[in-house]
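Inspection log for the structure reproduced underneath, given as structure tokens.
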Amino acid sequence: QGTRDHPPAHVALRDRLLAAVVTCFKRHGAAAIDTPVLELRETLTGKYGEDTKLIYELQDQGGELLALRYDLTVPFARYLAMNKITNMKRYHIAKVYRRDNPATTRGRYREFYQCDFDIAGQFDPMIPDAECLKIVHEILSDLQLGDFIIKVNDRRILNGVFAVCGIPESKFITTCSTVDKLDKMPWEEVRSEMVGEKGLSPEAADHIGEYVQLHGGLDLIEQLLQDPKLSQNKLAKEGLGDMKLLFEYLTLFGITGKAVLLQPENDHVEEPVSVGSVAGGGRYDGLVGMFDPKGRKVPCVGVSIGIERIFSILEQRVKASGEKVRTTETQVLVATPQKHLLAARLKLISELWDAGIKAEMLYKKDPKLLKQLQYCEDTGIPLAAIIGEQELTDGVVKLRDVAIREEVRM
């Protein structure tokens with residue numbers, strides 16, 4: 001069914017990841033918002049192109065046509081329009097739902113978490129965009145996933161390329177969807193689809209190929225700005241100008257080594273778990289206006305971290321290393337070495353809880369001490385607070401370090 005139960009170890013690992021992501025979002029001054037899991041169907045339909053068919057729709061119940069949210073971006077745009085908000089920096093971490101073909105081994109599910117960071121408002125070009133890329137870089141670096149590459153692009157450059165290659169505007173969108181497949185297919189197959197399915201001439205396809213197989217950063221932008229044909233195209237020139245600005249800011253943020261323009265060379269990246277992209281993002285300047293009765297636009301840019309796919313990488317690494325993931329944060333187990341001391345245990349554990357200390361005890365009247373200490377070892381609880389008859393008489397507690405088996409009386 002494309003969803004799965006998550007055992008405690010998975011949830012503990014996920015919570016650790018989510019905490020790292022939230023820390024990064026808060027560091028950049030984002031406020032948290034939440035939107036309903038249910039939206040009116042009309043809110044979602046027509047916003048995702050071909051992917052509209054993947055929306056989970058609910059039957060008409062008393063005149064309401066509802067759907068489960070497909071992502072966190074469209075609900076955010078609706079929220080901005082409904083509340084007449086024109087300036088906001090927010091994050092939202094929640095589950096979304098897609099009636100997709102699941103591939104659970106690659107972290108592809110029908111129900112999964114998205115972690116979104118967005119900046120809404122009218123600002124000077126590329127400053128918020130650069131911060132969004134900095135956030136992706138920070139998170140992927142903090143999680144120590146290994147080598148990664150951030151691909152950046154500007155649709156205006158691609159449209160300019162199509163124009164100078166003689167592609168009619170009516171074929172821009174379909175040609176663009178074919179070019180997107182360069183991530184997964186070699187150029188020969190992409191070219192074949194352009195000519196065979198999309199009806200482009202072999203000459204035009206070859207011309208496009210000269211551009212879309214280029215890769216690089218600021219050097220490539222400078223090269224394209226000098227291109228005799230592309231530099232004459234208004235759209236491409238605007239896009240390249242903004243890209244140049246973006247790369248200047250990324251240089252100041254110290255992350256240009258990880259951001260590349262257009263199609264990168266990533267043959268050197270040997271990732272043992274093939275999960276595809278783990279983040280995505282971009283501008284959606286026209287979306288808020290679709291929900292505003294007067295069509296008032298609010299420019300927006302954002303990124304989404306695909307935490308489920310990152311889980312897939314980390315889970316497989318944990319399995320391979322044999323590392324044990326702690327499923328609780330318990331700091332101390334309250335234990336007794338003799339019989340008839342349940343009251344002492346209950347009194348002590350209550351004091352610990354009231355002091356904000358994470359504590360557990362076994363739910364037996366008279367458990368054996370060995371069994372209590374074994375429970376600590378099995379679950380990774382570092383300390384045992386032992387209270388026996390002698391300790392009660394002396395007014396002390398024996399604190400045992402479970403790993404090194406040393407005790408102190410306090």
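The backbone N, Cα and C atoms fix where each Cβ goes, and this holds for glycine too.
Counting every protein chain shown, 20 other Cβ atoms lie within 10 Å of the Cβ of Gln114 (L-histidine binding site). Feature annotation from TrEMBL assigns L-histidine binding site to Asp71, Leu72, Thr73, Arg98, Gln114, Asp118.
According to TrEMBL, the feature domain 'Aminoacyl-transfer RNA synthetases class-II family profile' maps to 1-337. Note on the domain 'Aminoacyl-transfer RNA synthetases class-II family profile' (1-337): mean pLDDT across this stretch is 88.
Local packing around the binding-site residues Asp71, Asp118 was summarised as the count of other Cβ atoms within 10 Å of each Cβ; on this measure the leading residue is Asp118.
Note on Thr73 (L-histidine binding site): other Cβ atoms within 10 Å of its Cβ, all shown chains, come to 23.
Binding of L-histidine is attributed in the record to Asp71, Leu72, Thr73, Arg98, Gln114, Asp118, and the widest Cα separation among these residues amounts to 21 Å. Leu72 (L-histidine binding site) has a Cβ environment of 24 other Cβ atoms inside 10 Å.
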